[in-house]
Amino acid sequence: MSKPIQMERGVKYRDADKMALIPIKTVVTERQELLRKPEWMKIKLPADSSRIQGIKAAMRKNGLHSVCEEASCPNLSECFNHGTATFMILGAICTRRCPFCDVAHGRPVTPDANEPEKLAQTIKDMGLRYVVITSVDRDDLRDGGAQHFADCISAIRAKNPTIKIETLVPDFRGRMDRALDILTVTPPDVFNHNLENVPRVYRQVRPGANYEWSLKLLERFKEAHPDIPTKSGLMVGLGETNAEIVEVMRDLRRHGVTMLTLGQYLQPSRHHLPVQRYVSPAEFDEMKAEAMAMGFTHAACGPFVRSSYHADLQAKGLEVK
């Protein structure tokens, strides 16, 4: 029997190294096996990248992270060029090892106690009016990182009194009661937690997560804060069917979720789960129509949609696709 790999604290495991640590089998995708990207998935890069470099410099200066960079988001250039970013707190090393995600896995370091103040000042310097705060999973912390979220919310509001804050939280596995007790005292303006995909493929896509647990987290926050929008999203193209997506949408509505995002999964590297299909813009439009008919107050559905993509516009109920 082989000995378990001893991970050094603070070291990032990515791509092949990360996949080797996953308890499910993943197969490297050969070039000839890759699905050809359709025309609607082609991205145009901005001619001027000075704003992009400015945001990256501000992040580096303050030791901050963006999920845009860490997760290799396809919208990075567009969002950074418009002066928006989704900040990722609690470090850049995740205790989970989902095979769809490009965020590094490993043993995280102790959270930076100064991060809330640095984050708040950076947001003020950038002049942001709407901000999304997310994090890696921190199963090593007794509250899953909930207090750090609360500290960040408080610090941001102290320096930016009129700002709107959306949190994209992990599932706080095994720590839901403690986490919700903390977040109830300092709630965000929008509470977001992504289901990511349909329950049939959870073991393959989200090892270590539980579909019902995630639904319960969303439901319990909504019960505690009925006037605060709750939000969730899925990435499609991982083997699910459109009918299964619609059923997940029904589950979300049954658990009080009011905002929805649906976007196309893109394989970060050939070591990650492969794209099994590209969903057409017309199909996304049909799913949006279904969502609105179910009673969602807002549904952003399109190939490049991500949960924080133009999140300020989503919160205002404006169309994003």
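Cβ atoms are placed via backbone N, Cα and C, with glycine included.
As the structure is a computational prediction, the values presented were derived from the model and not from experiment.
What Swiss-Prot records for this protein:
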| type | residues | note |
| --- | --- | --- |
| BINDING | Cys68, Cys73, Cys79, Ser308 | [4Fe-4S] cluster 1 binding site |
| BINDING | Cys94, Cys98, Cys101 | [4Fe-4S] cluster 2 binding site |
| DOMAIN | 80-297 | domain 'Radical SAM core' |
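Features per Swiss-Prot, on structure.
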residue: Cys94; record: [4Fe-4S] cluster 2 binding site; Cβ within 10 Å: 26
residue: Cys98; record: [4Fe-4S] cluster 2 binding site; Cβ within 10 Å: 21
residue: Cys101; record: [4Fe-4S] cluster 2 binding site; Cβ within 10 Å: 22
residue: Ser308; record: [4Fe-4S] cluster 1 binding site; Cβ within 10 Å: 29
Confidence summary (mean pLDDT) of the domain 'Radical SAM core' (80-297): 93
To test your reading of the [4Fe-4S] cluster 2 site: which residues beyond Cys94, Cys98, Cys101, same chain only, put their Cβ within 8 Å of the Cβ centroid of those residues? Arg96, Arg97, Phe100, Asp102, Val103, His105, Val136, Asp137
